[in-house]
Each structure stands twice: as structure tokens, then as C-alpha cells.
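These notes concern the structure reproduced below.
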Amino acid sequence: MPHSYDYDAIVIGSGPGGEGAAMGLVKQGARVAVIERYQNVGGGCTHWGTIPSKALRHAVSRIIEFNQNPLYSDHSRLLRSSFADILNHADNVINQQTRMRQGFYERNHCEILQGNARFVDEHTLALDCPDGSVETLTAEKFVIACGSRPYHPTDVDFTHPRIYDSDSILSMHHEPRHVLIYGAGVIGCEYASIFRGMDVKVDLINTRDRLLAFLDQEMSDSLSYHFWNSGVVIRHNEEYEKIESCDDGVIMHLKSGKKLKADCLLYANGRTGNTDSLALQNIGLETDSRGQLKVNSMYQTAQPHVYAVGDVIGYPSLASAAYDQGRIAAQALVKGEATAHLIEDIPTGIYTIPEISSVGKTEQQLTAMKVPYEVGRAQFKHLARAQIVGMNVGTLKILFHRETKEILGIHCFGERAAEIIHIGQAIMEQKGGGNTIEYFVNTTFNYPTMAEAYRVAALNGLNRLF
């Protein structure tokens, strides 16, 4: 690369996408700077999203497990923890993650610059530093990995102390008895699980007709039933007309005429890209209505020297995929093309209580495609390992082609689902006839394990053939 610029590449953002790009670039010998607007590296994933919410979920699920276990619990006195106590656990995990990721940059001699970046021209950035000064930086190429933030409608007062989004909920200081959650997407469902697990009343407002409609319908129905059984009130096909804040809580007026009152509101309906402060108009780039950028298969924007990865390009908006996108973009940036590509079937992990995970096609998709598939199921309650640890709620479902035995989709509902799914994913990715449900019958599993669910499901499915 020519060395007439300060850097070969500047990466804007240090979340999973930015980290993947930065590490990929420095490993190829590029001079790289990473710009991070906040004091610590890691981005929204580490500080407000994936890591803290999953740490919260883990703490709450352990409390539920303790209270439901007859060996350890005294049913005259349930174990309880305050939201602040559980947040302390999340803070400890965040600190560990931050130190680890900071070490990645230091060991690889990748410069971290703190401040807000904005484009001046095609190869120049202005960096607004925390001390009020402004630095000018130049680079031959750029990677935009600035992430996303919760969408804020203009008619909702997010400055009110009882109205939260999925970022600010982590700074909640009071103990709510009743929570309204508007938006029943992944974030809304995960927090519904967390609050209900803390014995908080939850009203979950869904703007659609069922939960997480992109899932296999049985998985969606399982979550709905589990929420209903645990006391979460789900209100489908509802939209708010206005949100009224008061000293002791929030009143939500729905377009259907209903009124709901709770101690606080978590607004979790949509996200928008963090592109509004980048002055993209100065380099001729435009975003869509959600602040997202369009890219090609190598993550190039309409400006060939500017790449974008992660939440800022939309689907799939997963930390795991963002890291791979950054790595692929780094390869394309240095070599002009990328030999690596994002896998076709990206696994989905949803950290409700219990978890949901899936990879590949759903039953609804296969039916619409007129694919002759069969189903193999394993109920967790029939597995020795699940009985030992008390994980009786859950199921593993394998969808496979009736004739070729090729695995077409795997769906799991239950504790550890996000871990269990990867066993099946590994077989699905095999080439040359290696992707077959018969693998699970012909291999030997440790016993007792949750992985054994694959053998049970495979036998169940193969026994349906005639």
C-alpha cells in the first residue's frame, strides 16, 4: 500500500466488527488505527448489549434453578437478589472482557484513539477528542464499524427516569414491581425472561401476531407457552398511541383503546445505525431510513475505499457474524478480494430463559419449498443428563431430507440450546455426503450428556421413514 497517509486503514468502532477488521489488517502488516468514542474498547456488544444482558440472564437463571431445586431450597424462603446486585455480576464480566480486548490491540501494536470521528473528505477524518481538541487523520482506506443504538421515536420521552431503552436499562437504580416492555423482538423477549425470573410482573407488547416470527413455529410457540406459564402477559398485534409518564410510573395508551400502567417502560422496538455523526455526505455516502449502509459481498460501500461491517449494515446484526464480516473486509481491503465468505446458514442464539437456537431451514420454509422432509425429535425430559441436572424443559428438532438423509435444519428450545446447536451445525457444513442424519446414529456419544439428544432425535426421525 502507498504510505502517503497517516495510516493504511482507519477502523471506526471497536465492537466485534471493528475488532475483526483491525486484527485482520494488522496481521497482514497494515498500519491501523481504531477510533472508539467511549473510554473503553468493546463497543455496544461488550458494554450495553450482548455481554451484560447475557450475564444478567445467567445470574437470574441460576436464582431460578436454586429456588426450584428441592435439594437446596427452603421453600419457606426464596432466594432473591436486587437488580443492582445482579448488575454487579454483569459489571465484573464487562471489566474482564474489556481488559482482554484491550490486550489484543496492545499485543498487535494497533493504535487506539478516543473521540468522535467525522469525514472531512474522501481520505481525511476529523477526530473530536474528549479534551475538546480536534485532530486530523488521513488514511488510504476506512472500515465503518460504528454499530447501532436503540431507536428513539420522537414522541417518547427517554429523559424520564422511568422510561428506558435496552442501553439505559443497565443503569436502573430502583426495584420495579411491574415492567412494560414495548417490542417483542429478541431484546424484548430476553428482558421479559430476565424480569419475570426476578418475580417482576411483565406486560410484553408485540406489534406482530406471534413472537419471533422468523423462528420455526414450534420454537416460537414453545416460547409463548413458557412465557404464559411463567406469568408473562403477552399482548399481540398492539401499537402504542401515546406514552404518558408520571411520578410513580408510565401509562401506555394503545391504539386498540387499552391502557396499561407499570412502574417503568422498556422500549425495545428497533435499532438505528450510528452513522448520523460521521458526516458521510462529505464522501458521497447515503444511508437508509434506519441509518444503515449498503455494501457488496466484500463489504465495500458505494465508495470502493470505504468498507462497512456489523450492525451498521443491518442483517444479520449478530456479534458473531460481525467479527467474521470484519475479518473478510480486512482481507478484501488488503488483497483486493476475499477468499473467505460468511457462511450461508448462520446459527441464531436467543438468550431467553430457556434459550432458543436454530440453524438452517424451518418447517414452514421447507413446506413452502415443497421439500420432502422428515422430523426427528428428542425431548430433554427423556435424557439422563437433563434429569440429573433438572433441565426437563426443552426439545431438539432435526429436519432432514427423506431420500438423501441430508440435514436441512436444526432447532433447539431449552437450557444450553445455543451450545447444543453447534454439534449439528458442524455436520450440516460437511461436504461430499458428510451431511447426513445417519452420522448421529453411527457415532458414540458420551453418556450421560445433552449432546446425546442428537442420537435420540436421529433415531426418532429415521424410524418415521418407510
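Every residue, even glycine, has its Cβ placed from backbone N, Cα and C.
Feature list (source: Swiss-Prot):
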type	residues	note
BINDING	Glu36, Arg37, Tyr38, Gln39, Asn40, Val41, Gly42, Gly43, Gly44, Cys45	FAD binding site
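Structure coloured by features recorded in Swiss-Prot.
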{"residue": "Glu36", "record": "FAD binding site", "Cβ within 10 Å": "23"}
{"residue": "Tyr38", "record": "FAD binding site", "Cβ within 10 Å": "15"}
{"residue": "Asn40", "record": "FAD binding site", "Cβ within 10 Å": "18"}
{"residue": "Gly42", "record": "FAD binding site", "Cβ within 10 Å": "25"}
{"residue": "Gly44", "record": "FAD binding site", "Cβ within 10 Å": "25"}
DSSP-derived structure type at Gly42 (FAD binding site), helix or strand or else coil:
coil
Whose Cβ lies within 8 Å of the mean position of the Cβ atoms of Glu36, Arg37, Tyr38, Gln39, Asn40, Val41, Gly42, Gly43, Gly44, Cys45, the FAD site, other than those residues?
Gly13, Ser14, Gly15, Thr46, His47
Look up Glu36 (FAD binding site) in the DSSP assignment and report helix, strand or coil.
strand
